[in-house]
Structures are given as structure tokens and as C-alpha cells.
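> Pulled these features from TrEMBL for this protein:
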BINDING   8-13, Asp33, Arg38, 86-90, 127-128, Glu161, 272-275, Arg342  NAD(+) binding site
ACT_SITE  Cys272  active site, nucleophile
DOMAIN    328-452  domain 'UDP-glucose/GDP-mannose dehydrogenase C-terminal'
Amino acid sequence: MVKICCIGAGYVGGPTMAVIALKCPSVEVTVVDISISRINAWNSDQLPIYEPGLEDVVKQCRGKNLFFRTNVEKHVYEADIIFVSVNTPTKTRGLGAGKAADLTYWESAARMIADVAKSDKIVVEKSTVPVKTAEAIEKILAHNSKGICFQILSNPEFLAEGTAIQDLLNPDRVLIGGRETPNGQKAVKALKDVYAQWVPLERIITTNLWSSELSKLAANAFLAQRISSVNAMSALCEATGADVQEVSYAVGKDSRIGPKFLNASVGFGGSCFQKDILNLIYICECNGLKEVACYWKQVIKLNDYQKSRFVNRVVSSMFNTVSGKKIAVLGFAFKKNTGDTRETPAIHVCKGLLGDKASLSIYDPQVTEDQIQRDLWKNKFDWDHPIHLQPASPTSIKHVSVAGDPYQAAKDAHGLCILTDWDEFKKLDYEKIYKSMQKPAFVFDGRNVVDVARLREIGFILYSIGKPLDPWLKDMPALA
Ligand code: UDX
Ligand code: UDX
Ligand code: ADP
């Protein structure tokens, strides 16, 4: 029986290993983590992450060929294939601060593997890492090998949160990068054999190590660039009277461009896009490619601009001040169908409104009050460390409350901001919301979820990203 151990029971490690266990009954999969509370949650009825379909898969396999454990060394010692899926935060100090990946957790995992291994191992890079990390890890392993053969592979994960289980069951592709030596190719084949149990062979791509590592950064950079492109268009649409949804539809009909990932928004979030692009920028700079670095930097700048532009719209529409005004915030997660708030644009928008002394009432169906308070208190980049190593927030943030439902959030509010594309926000009783709000009642739709004509008919002054402006907003000075 092949034994797999995955170091890191997070958003990537947990769902990925659950699906491997489901599809490979003859493989024993153990997921280990240094966070005891996270492992306890994986072993409970309340999984540590919300992901549609995940609970089902975990319930089918847990205790059979899927295990969640804290005894990291023991399971690494026993495994044939070790996936490493630990945190890779952005460095906050020293060389490359604000851009480069901090590989502390990776390095410590590699040293631990070298320490405890007594037999040959395949070590698989699962978390996104800078290009050439495999080389560094190889060196650590080789210099501590005691005659053991370590083969390092890159097998980046392309799942998106909210659709992780579907993405894993039916991936567009599986990418495996390895050394072009006989031992390297043997390791590639061993991992390919695992995926081949449910993924059609033509979708399993094998490349050299560096192509695989770079493809992950490139894919995320391309995806994020599409969003920044459409968000750039949204600003121009508002200025000209074009409708960004009409433009996206027309542009996406070109089969060379394609219709997906062209929704204008308040900005992209999530644990990957910004971090991976920052990484890419740093790698370009280190290789003397200034122009290339500048090109990708602009994708992030545009995203920051989009978030600030949204805050400015809210403030300028409401007579240039939100001081003392209650603002309802619907949605805090970085996208629908997840409780994940890493790099969510909601943090930027909420901090911006709080900076202008607004009073916020926040509702999200999957994000806890504690999480919201911590996010609004934390510094940029603090989020990407194991949970038990993050600084605890002292008390709740002033002027922030968390509501149990959207109607409670909106009651007596002057304005309402929609920051996540949860389906339930499409179906709210906006008439009831309108009646309970202060007048004039404003809605700022950062995700284009509401019916523009219907809300205007009810009486709202409505701002929707990239849509022709309400006459009211046209008269207000744009502060962007
Ligand atoms: C992303 C990649 O899609 C995935 O392949 C990779 O493995 C990890 O990073 P994820 O961050 O989970 O996945 O979500 P994704 O669906 O890509 O959305 C990222 C952000 O972009 C979200 O904030 C989302 O709301 C936003 N977005 C997405 C838009 O604003 N407009 C769109 O059209 C699509
Ligand atoms: C373009 C648009 O494709 C077309 O829809 C529009 O109506 C007019 O402009 P065209 O300029 O004729 O058409 O050719 P196109 O095939 O788009 O190529 C433009 C340039 O991009 C060429 O120099 C081509 O060699 C280059 N190109 C194209 C690349 O370098 N790489 C590619 O992957 C595709
Ligand atoms: P991702 O979205 O990439 O899965 P997460 O932050 O959700 O990232 O998960 C990373 C996990 O890795 C965390 O649960 C963290 O506790 C764990 N981790 C970090 N370093 C180690 C280590 N040296 N050994 C075991 N687990 C680790």
C-alpha cells in the first residue's frame, strides 16, 4: 500500500488529500499539521474550512484511508510520498520585504523530513513557491541525506475555493514537474500513477521542475490580469456611460478571449493572486527584468486602485462624509461559497470607511465575528502564518458590529455595500431593506449582483461597478 503524508492541513492540503483518498482506496493518506486545533477540527463534525461537498468526501474516507494527525514526524517517517502544503507568507522585513516569499515554514518542513527519513522519499511541492525553490529544498535534503534518495517534484494545485471539490474531481489539468534524470522520471511516474486513478492521462502534463513552478505563478498572474483589465474598463465605463457587463459579454464572445473570469468587481482577493504576483515581480527584479516586473506590478496597482475607488465612491456619494453614519456591509469573504477572508477586498473597504469614521454593521453567511474583528485589526501580510502563531487581537474594533442577517445589518443604515457575490444577496427583500434604512438610501454594489432597474424603482440611489451612473452620482465629485 502506497503511503502519502501531507504536511499542512489547510485550504489546499485538506481538500486535495481528501479527494486523493476518495479516488485511491489503495492509498493511505495522512494529513499532518503543527496546529492541534486545526487537526482537531478536521477530526470533528465542524471542519475548519467551509467548502461545498468537502464534508461528504471527508466523511466517506476519514478513518478508512484518510487520517488527520498531529504526530508529524511519525507519518513523515512512514510515508513514500510527502506533499508539502505549508504557509508561504510574503516577507515583511529584510531582503525582498513586501514582495519575496518567506520560506521559513518550507525550510523547517524540509529539515524535519531530512531528520526523520530512514527510507527513500518523494517530496512534492504543493504550496505555490518561487521558481527554483525545489533546488533549494533539494540542497537541504541532499546535504542531510545519510545516503537516502530524495526526489523532489513540483505539483502545483490549481483548485479555486468554493469549487475545490469539483476542481479536484475534474481538473482541467494536473501538472507534475520533475528532474529529467532516471530517478526523477521514476518519481514523476509514481505521482502520475496516483492521479491516473481518476484523471484522464491526456490531462496529466509533465514538465521540468522550473516550468511547473513558473506555470503556477503564471496562471495566477494571467487570471488576476484579466480581472484588473476588466476592472480598468469598469472605471472607463462609468466615465463614458458604457456598461461593463455588456462590454465583457461582447469581448468574451471572441473565442480567443473566452467568456470566463471577466466579471468586474470591487477587486480580487484570496490567498494566491496578490502573493503570487508579488513573487513573480520579485523574481523578475532579481533577474534584471525591470520592464517585466513593472508590467505585473500594474495588475496589483490597478486592484488597489479599484478598492480605493470604491471607498471614494461611497464617501463622495454620501455628501463627502460617512462620519457617524451607519454603513451595512454585506459579504466579507473574498468570494462566494467560502468563509475564507485572506486578502479579501472587504478588509480594504472596511478599513477605508472606518478611516472616514463610519460605523459598520457587517454580515457574511460564513465568516465568524471573531474572524472579522481579527482581520480588521491585523497588519497587511500577517494572515499567512499558522493560526497559532498569529498575534491574537486584543478586543473588538470600535465602530464594527457583526449582524446575524442582512436585514439587521441594514436597519437604520445610510448606505449598504455589497462586497461578496453570495447568491443570497440577489434574492433579498430590497423593499423591506429600503423601508428600514435612512433616506436617501444608498446601495453600492461591488459585485454587480442586484437588479439595477428594480432597485432604482424602489427608490435607492444605486452605484454598481462599471454601470452607467445614477444621475445623483454624476453630480457628485469623483474623488478617485
Ligand atoms: C485562484 C485560482 O483561480 C486558482 O486556480 C488557484 O489555484 C488559486 O487562486 P481562488 O483565489 O480560490 O483561486 O479564487 P478565484 O475564483 O480565482 O477568485 C479570486 C478573486 O478574484 C476573488 O476575489 C473573486 O471574487 C475575484 N474575481 C474572480 C473577480 O473579481 N472577477 C472574476 O471574474 C473572477
Ligand atoms: C487583430 C485582431 O485579431 C482582430 O480581431 C481585429 O479585427 C484587428 O486586429 P490582426 O492585426 O489582423 O487582427 O492579426 P492578429 O492575428 O490579431 O495578430 C496581431 C499581431 O499579434 C501579429 O503581429 C501576430 O503575429 C501577433 N501575435 C498573435 C502574437 O505575437 N502571438 C499570438 O499568440 C497571437
Ligand atoms: P493553503 O491555503 O496553502 O492550504 P493554509 O494556511 O490554509 O494554506 O495551510 C497551511 C497549513 O500548514 C497551516 O494549517 C499550518 O498550520 C501548517 N503548517 C505550517 N508549517 C508547518 C510545519 N512545519 N509542519 C506542519 N504543518 C505546518
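Each residue, glycine too, has its Cβ placed from N, Cα and C.
Remember, TrEMBL labels are computer predictions, not curated facts.
For each feature listed, report its degree of burial, its nearest neighbours and the pertinent distances within the displayed model.
Note on Gly8 (NAD(+) binding site): other Cβ atoms within 10 Å of its Cβ, all shown chains, come to 27.
According to its DSSP assignment, Cys272 (active site, nucleophile) is coil. Around the Cβ of Cys272 (active site, nucleophile), a 10 Å sphere holds 25 further Cβ atoms from the protein chains shown.
When pLDDT is averaged over the domain 'UDP-glucose/GDP-mannose dehydrogenase C-terminal' (328-452), the result is 93.
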> Quick one: which of the binding-site residues (Gly8, Asp33, Asn87, Glu161, Gln274) have their CB closer than 6 Å to ligand 1?
Glu161
> For the binding-site residues listed here (Asn87, Thr90, Gln274), tell me which residue's CB has the most neighbouring CB atoms inside 10 Å.
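When each Cβ's neighbours within 10 Å are tallied, Gln274 leads.
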> Rounded to a whole angstrom, what is the C-alpha distance between Asn87 (NAD(+) binding site) and Cys272 (active site, nucleophile)?
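Cα of Asn87 (NAD(+) binding site) to Cα of Cys272 (active site, nucleophile) measures 11 Å after rounding.
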> Any of the binding-site residues Gly8, Tyr11, Asn87, Thr90, Glu161, Gln274 with a C-beta atom under 6 A from ligand 3? Give them in order, or none.
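Gly8, Tyr11, Asn87, in sequence order.
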